[in-house]
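A.B. asks: Just passing along the structure, written as structure tokens.
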Amino acid sequence: MKNILEITNLIGKGTFGKVFVANDGLGGRVAVKKLLTKDMDSRELTLLQQEISIMSNITHPNIVDLKFIIKTEDSVYLIMEYCEGGDLELFLNTHKGISIQLIRKWLSSLLSALAYLHSLNIMHRDLKLANFLLTTLEAQNADIKIADFGFAKIMASEITCSQVGSPLYMAPEIFHDNQYTIKADIWSLGIVFYEILTGRAPFACRTMAELIRKQNEQVAFPFTSSLPEEAKHLILSMININFELRPDSKTLLKHKFFTQECEDTWIEIDRLKQEYVFIGNDSEEEEKKEPEKNEEMHKSDYFEDYEESTFVMLNLEIQIIIAEKLLKFSENFDSQKKNCIITYLSPLVKQLILTLDDQYAENQGYKLIIEILEKLKKKLRKLADIVFMNETEPCDYNKNIALNMLENCQDKFTKYCLQLIVKYFEE
């Protein structure tokens with residue numbers, strides 16, 4: 001029996017958790033973001049709740065999809081669409097050039113997504129290269145998506161005053177009077193456009209004071225004959241120091257850079273890799289560090305003190321949580337549907353017991369790991385008692401029963417579980 005959400009590698013680390021890639025059991029892959037809520041203060045928990053609420057209620061082809069969430073006593077798992085092409089910052093650092101047509105495609109996609117968010121009064125507040133993901137490794141075929149809604153906010157009024165985000169992308173009005181509108185997102189995206197087209201940030205600075213001063217100066221473009229004048233005009237309109245004069249996303253989509261035919265020229269990316277060290281950081285960038293890329297998982301990462309070459313422990317934890325929730329879900333149905341779910345859970349639980357026993361044998365002497373295994377064992381024993389007590393003979397119609405439940409299901413997490421059950425009975 002295949003694992004539920006089998007984690008295969010670690011792709012990022014942040015202050016409160018880690019991001020993994022996992023096989024979803026349905027033939028695809030997902031990103032799994034585990035956040036330790038027990039380490040968060042009340043404000044950080046509020047931001048997380050906002051992120052979940054916003055992502056649960058938006059759907060756009062150029063926004064990373066939140067498939068479902070799993071909550072535990074001390075953690076939250078965000079199961080999201082996986083974009084294997086990595087982020088835009090990585091792309092610019094590893095490629096020597098990009099076609100103007102691909103730039104137009106990506107930029108119009110981002111503006112379309114931003115127009116959608118702003119139509120719902122949602123402000124992202126952290127638009128930057130690292131928060132734009134490419135769907136495939138082949139850039140020419142890749143779509144681009146907005147990710148990371150950790151600072152996003154539903155605007156109850158036109159003005160907000162929380163100073164959050166990444167300093168190099170933050171609009172000048174945020175620094176000057178600490179009040180800003182949804183047009184601050186336009187500024188941030190304008191900075192991103194500048195970086196894509198030139199390979200560097202428009203403001204080279206080392207302190208917040210220097211950044212604020214340079215934001216008030218005329219932005220210069222590096223000499224390049226291949227940069228269209230329409231592109232320069234687009235960027236300058238987006239990073240207008242007067243936020244009232246910045247066009248909105250819908251207006252920008254009608255800009256000549258997108259509507260006029262142009263030759264598909266090649267833009268050289270002369271990526272200027274600079275370290276920006278801010279003295280006296282007024283944003284929350286220190287608290288929300290960027291994840292490190294393509295790391296191997298070690299026992300010290302997950303268990304603090306020991307090295308680990310596999311993800312068995314984490315997979316055990318996730319699968320037990322999902323099995324518990326699926327068992328609880330079965331209580332809402334008649335005996336026939338409940339038996340269908342129990343029939344699926346029985347071999348899964350048996351497999352988990354064997355895996356847990358193997359981990360006990362492999363980790364004797366590691367006190368911390370044994371403590372974690374004991375907690376998992378307690379949960380699994382309770383789960384097994386209920387499943388095995390209610391186990392019945394397999395029914396020939398289990399697949400049809402599962403399909404019937406799936407047809408009437410609206411909850412994303414439950415729908416995913418029912419899809420797994422249908423696939424199990426098909427095999």
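Along the chain as shown, the residues are counted starting at 1.
Even glycines carry a Cβ here, placed using N, Cα and C.
Just lifted these from TrEMBL, have a look:
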{"type": "DOMAIN", "residues": "5-258", "note": "domain 'Protein kinase'"}
{"type": "BINDING", "residues": "LYS34", "note": "ATP binding site"}
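Quick one: where do these features end up spatially?
C.D. replies: In this model, the domain 'Protein kinase' (5-258) carries an average pLDDT of 90.
In the three-state DSSP classification, LYS34 (ATP binding site) falls within a strand.
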A.B. asks: Counting only residues 6+ away in sequence within the same chain, which have a CB under 8 Å from the CB of LYS34 (ATP binding site)?
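C.D. replies: Non-local contacts for LYS34 (ATP binding site): GLY17, LYS18, VAL19, PHE20, SER75, VAL76, TYR77, LEU314.
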